[in-house]
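Single-structure report; data block below.
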């Protein structure tokens, strides 16, 4: 019987392995040189030993990253074979979407995502879409009520013209008017309906209330008659479209997918466990409304860009040879607002094209929290058993009265339901970590299951990337902090995964778990060699010494490969260069704060938090983003760090070169050559920072207070007797 998917190994691995072996040999030579050429006491000895420690860490981390580059896999799903074998005898799918704040995540954006998910090329009677509103906002409910009405027009339009993408916001922004007069008439009509709906939603959000004449149209609005706030309200479950109701049809008479609104109960005295708590409540609520064997979850800003994504995912679950082993199918995160040269390094191209595909070799990618299809049974704690047979026909076939079902579902979304249960531990998404998705996926892998990474030519999901420096730093702080907290906990992949998953798989997880501690050696490397240059203290071999060879070889070859990886993953040369800058920025800010916050939590000085990444920027910020001008604009400690490092390297380069030239020393022979090169590269890469500090006049420049603070810190560092 023909397989429903194919697995292919990435090409060029023999050449890559040769490259990796030579780099590893170079790292060993560098470390040997450091260990055998330690200066005498007082002659920069402490700085030298610090360089040894930093290079030892860099070498260790480089080895960790090789696990996912050794032999990446590519998967291809065969939807035609799935159709021929199963027809419409396909399992039901529950689609779970989470939103938390109508200000950070505008309801009109969320509704475009919901509409794209309702419009999959899949039997609508087998689709169930659930929206969790952790803000408990009547504005979000109103937006979903509007969406339920517009879907009756939108879904037939999508089917009739087989359009892509099926997010109306993305489709109308990307598509041109059709040439056919009849198609143009319907296109214009549907577009006008969508624009009017969006305007009504945005107006309600701006005013902060729903018009009274609208509230009488659905009983669900009465849930807000009792008052309440986003953090203090009763559980709310409203079935806006009941797919089992024969009267729930679109304008062409076709059945509509089930559409459900949920706001779990919130009370100040109960911890709600952030997104993980919302997801677990959705899993329970969906179990009494539809109970589909497949659960897909997606972030509220990640719309469906490929209407066949469900069918592609099922090619893996239903494959006769390997399907029984697969717990989840992970799609990559893609963004539609990345600038040409990826100004903030947010494209995630290397992660999507290389690292997740590399993890697929050893047992599957990690669960990244969005764009993922799960077996319901694995999310509910089932361990792998080779004899287990999935019941793909499971689901709730008959429906009670809607009000009875809603009341039953509400009882599963209360604050106290999980008390004295295994929810958040052995069942559902795990609690106690800002990146609940990663730790949940690790636990699933450790229960014997595998996962699959599917990256089709047409992206399955597309979302909105951060468009300012502050948003980027915040997002990576949360990711690095959460992943490092896993590494420091009982769920450390090397310990929790020992004997359960293979060592390269453990290493793959640790790539992200060790993002945060990378900050410390990076900070050391961008400070100490530059200060050594200013003080005339050499920290590298002399240019005529054979020991300089491994230093130069590693630097050149590693960066050439990094550039190759970026270009083959879809970046531009400028995008790669911007990525190098942001690699530095994230390490000295986001990752540093990730370390500090984890230390504070270990000492009991702070508790875990979860900050929603804003999905909106003002008009000026958006314009500068499109022009690829870095956005600062506010005073923050992170910007002080960035400005201080940039300014310090500029001072050290100018001062160091000045001393070399005035003293008549031969820079090529005195051991300072590599420090000049390193400091010079840091100055070049920080040119946009200097412009934001001294040249720019727009609102996105670095504030004068930040510049002043950085000048003060530079002067303070220069007077510290480091050497």
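A Cβ is built for glycine as well, from the same backbone N, Cα and C atoms used for every other residue.
On a predicted model such as this, the values are computed, not experimentally measured, just so you know.
Pulled from TrEMBL:
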type: TRANSMEM; residues: 14-35; note: transmembrane segment
type: TRANSMEM; residues: 47-71; note: transmembrane segment
type: BINDING; residues: 105, 134; note: UDP-alpha-D-glucose binding site
type: ACT_SITE; residues: 134; note: active site
type: BINDING; residues: 275, 299; note: Mn(2+) binding site
type: ACT_SITE; residues: 437; note: active site
type: TRANSMEM; residues: 639-661; note: transmembrane segment
type: TRANSMEM; residues: 667-690; note: transmembrane segment
type: TRANSMEM; residues: 702-722; note: transmembrane segment
Recorded stretch, among 47-71, 639-661, 667-690, 702-722, maximising Cβ pairs under 8 Å relative to the transmembrane segment (14-35): 47-71
Neighbour tally for residue 437 (active site), based on other Cβ positions within 10 Å of its Cβ: 23
Using Cα positions only, nearest of the binding-site residues to residue 437 (active site) (105, 134, 275, 299): 275
Number of other Cβ atoms within 10 Å of the Cβ of residue 275 (Mn(2+) binding site) across all protein chains: 22
Integer Cα-Cα distance in angstrom, residue 105 (UDP-alpha-D-glucose binding site) to residue 299 (Mn(2+) binding site): 10
Proximal but sequence-remote residues of the same chain as residue 134 (UDP-alpha-D-glucose binding site) (Cβ under 8 Å, at least 6 apart): 98, 99, 100, 101, 230, 263, 264, 266, 272, 275, 278
Spatial neighbours, same chain, of residue 299 (Mn(2+) binding site) - Cβ under 8 Å, 6+ residues apart: 97, 98, 369, 370, 463
Cβ packing number for residue 105 (UDP-alpha-D-glucose binding site), 10 Å threshold: 24
